[in-house]
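Student: Positions annotated as transmembrane segment by TrEMBL: 9-29, 41-64, 76-95, 167-186, 207-227, 233-250, 262-279, 291-309, 321-343.
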């Protein structure tokens, strides 16, 4: 297991700041829409916030319950009340700061010593605490931040009116997506065996790959929404059904209860609308190729529909700019994807003797507490 360093602690503090700022910007933007009489947009922003917060609290409390099984029930009741008031993530940040401070500033790892030794045990606690937070932030990113980014871009394209709060929301969304994806990969490589450290260049390539492909896809969905809102909704529902069906066929075992497992698969189906998500920790060259090939075909199809169905719109300057940005971000995103998987992506998910179904199968279920949740939660 790698060390939890001072740099990781600084990233943790930065993540807290971004999280709090993101909450403030959401309520600020929603209040602006309400003041302007645009109640639909304000309600939609708050719905994204409320839904993501509810799902995050459910997963967070379930993980606390699993980790503290057999301990004092009074603590769990207190934890339940905190989550009921939608503040569970802040409890997790408190534990992460506590263990992270001890690991980064007060403890010295004993090298090859056992994880049960005090220094290495503190390191493991810090890594696991941050890993849980980053998993929850990935959920939040694709349940709330990315959909809100789509809404803000659509409003700018549809009405042509813009103000400072909209730009602030868009910038905050991009920052949130960047931080959550990078922090996720850092935690992934610290939590799983045989993972190399995530250095600066791989981080940049990975962030550009995710941001550019997601941006291209959001612009594509915005274009089809401008053309016909119903078609956009049907497309998104269809993509979610495909993603959810794929997770069912993967027979995931991320959660202990069946109800939570179906909720997890539902969330993964939503994430798959916007980006590729590896839920089994296996080689996915074919799956990821099909995924982004499908996105490319749909994107080009939307642009061709505009050419033949709404040729008058093509003459407008904003359509030209959006089309160029859509194609450019898609091409660059695919290039960064190829560079990342060719040069920087670790080929081994686990030790050779621990691979196959032990990553996300019965063996993974048996050793869940010892090896951590990341063994069953892998996004590439």
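Every residue, even glycine, has its Cβ placed from backbone N, Cα and C.
Annotations in TrEMBL come from automatic prediction, not curation.
Not measured: the values here are computed from a predicted model.
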Student: Using Cβ atoms and a strict cutoff of less than 8 Å, what residues sit near the transmembrane segment (291-309) while being 6 or more residues removed from its termini?
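Tutor: For the transmembrane segment (291-309), the list is 213, 216-217, 220, 223-224, 227, 235, 272, 276, 319, 323, 326-327, 330, 334, 337.
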Student: In terms of Cβ proximity under 8 Å, which residues at least six beyond the ends of the transmembrane segment (167-186) contact it?
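Tutor: For the transmembrane segment (167-186), the far contacts come to 8, 11, 14-15, 18-19, 21-22, 25-26, 28-29, 130, 134-135, 137-138, 140-141, 145-146, 148-149, 152-153, 198, 203, 206-207, 210-211, 214, 379.
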Student: Output the single range from 9-29, 207-227, 233-250, 321-343 maximising the number of Cβ pairs under 8 Å to the transmembrane segment (41-64).
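Tutor: The listed stretch sharing the most Cβ pairs with the transmembrane segment (41-64) is 9-29.
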Student: Of the listed stretches 9-29, 233-250, 321-343, which one has the most C-beta pairs under 8 A with the transmembrane segment (207-227)?
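Tutor: Ranked by Cβ pairs under 8 Å, first place goes to 321-343.
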Student: Give the nonlocal contacts of the transmembrane segment (321-343) in its own chain as ranges (CB under 8 Å, at least six residues past its ends).
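Tutor: The answer is 157, 202, 205-206, 208-216, 219-220, 222-223, 288, 292, 295-296, 299, 303, 306.
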